[in-house]
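Notes for the one structure printed next.
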Amino acid sequence: MADGIDRRNDDRLEFSTSKEVTVAPTFEDMHLKESLLRGIYAYGYESPSAVQSRAIVQICKGRDTIAQAQSGTGKTATFSISILQVIDTAVRETQALVLSPTRELATQIQSVIMALGDYMNVQCHACIGGTNIGEDIRKLDYGQHVVSGTPGRVADMIRRRHLRTRHIKMLVLDEADELLNRGFREQIYDVYRYLPPATQVVVVSATLPYDVLDMTTKFMTDPVRVLVKRDELTLEGIKQYFIAVEKEEWKFDTLCDLYDTLTITQAVIFCNTRRKVDWLTDKMREANFTVSSMHGEMPQKERDSIMQDFRQGNSRVLISTDVWARGIDVQQVSLVINYDLPTNRENYIHRIGRSGRFGRKGVAINFVTSDDVRILRDIELYYSTQIDEMPMNVADLLS
């Protein structure tokens, strides 16, 4: 567990995986560059997780790869290590491109690549919206081996010819379910059109609904699959509960009651819209509760500063939209409250996966009005899980 990956159930994971995939039990067995191995060990990894031991070698062989694994299993390091193995740092041109659905995730991936590539003199730039375009242009003109970005800004930089694509050999789509939802689909096609025809494509996500798998056929050739069966995807160690609140207006009082009874280390409260986030934040502050909030419409600098405060533990309770739910590592989070149930059932696992990340125990509490009962049952069926009514002693479960 020192390396931050929960391996307790690796032996029980069922892999619906291509026949040709072999397991590499150690990083040495993957025949990685010496400088990369040094970075991997310095980062704190000792041995590969289940998904790493299956996917890295296939990606390094140049195979198009679909890797599905739950939060906290080392997905980001899977493609980061693969990228660092295949790039040539002597050529200062962009050779790998990673697309993510949120700016925070793109920035986090950049920091993982820089850390793992610490002994390789690698250049990696986070190319994201909401930041200074001039800085992007300067960094890209200087030459970056890897670019981690959001689809809109990356497509823009390619169109302006600052992000040169002729040397790109790998495209990674992280959190592919969210990326390929309607919002980003066109922008991904835009980017893909500019890439060399032989570009390798790697798709990584905790959830891969069938329509997404279907779509990947458009830009993947005979992909290798490393898939964890879906009903394994509700994270063990997370206790899931619901509170019946009958009416929407009662949710606020319920939340205030919870504040008094729970001694929380850190908590995230999810709402479905940015307007609701702002409204709830104001209401909580009026009631003298200290909370911070974040959503996609905030300026990037403000979002960065809120994330940093939360990471460092300076702020204890964060109210957010789903922009926060995707892949952000904050290890102290022990409680997630779905003030609103997610409108997209795939987002449920991304939200609650936050609370038990890296094998930490966590509690997820869903506020359920009479209108929400059907959605809750749908989530239970989809993930083959059981969500019980919250017991009185919920504070004990967090301690």
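Heads up, the Cβ atoms here are built off N, Cα and C, so glycines get one too.
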Which range of 25-53, 54-82, 228-256, 257-285 is motif 'Q motif', per Swiss-Prot: 25-53
Candidate ranges 174-177, 314-317, 350-353 [criterion: Swiss-Prot lists as motif 'DEAD box']: 174-177
Integer average pLDDT (0 to 100) for the domain 'Helicase ATP-binding' (56-226): 91
For K75 (ATP binding site): DSSP state (helix, strand, coil): helix
DSSP-derived helix, strand and coil totals, residue by residue, for the motif 'Q motif' (25-53): 16 helix, 0 strand, 13 coil
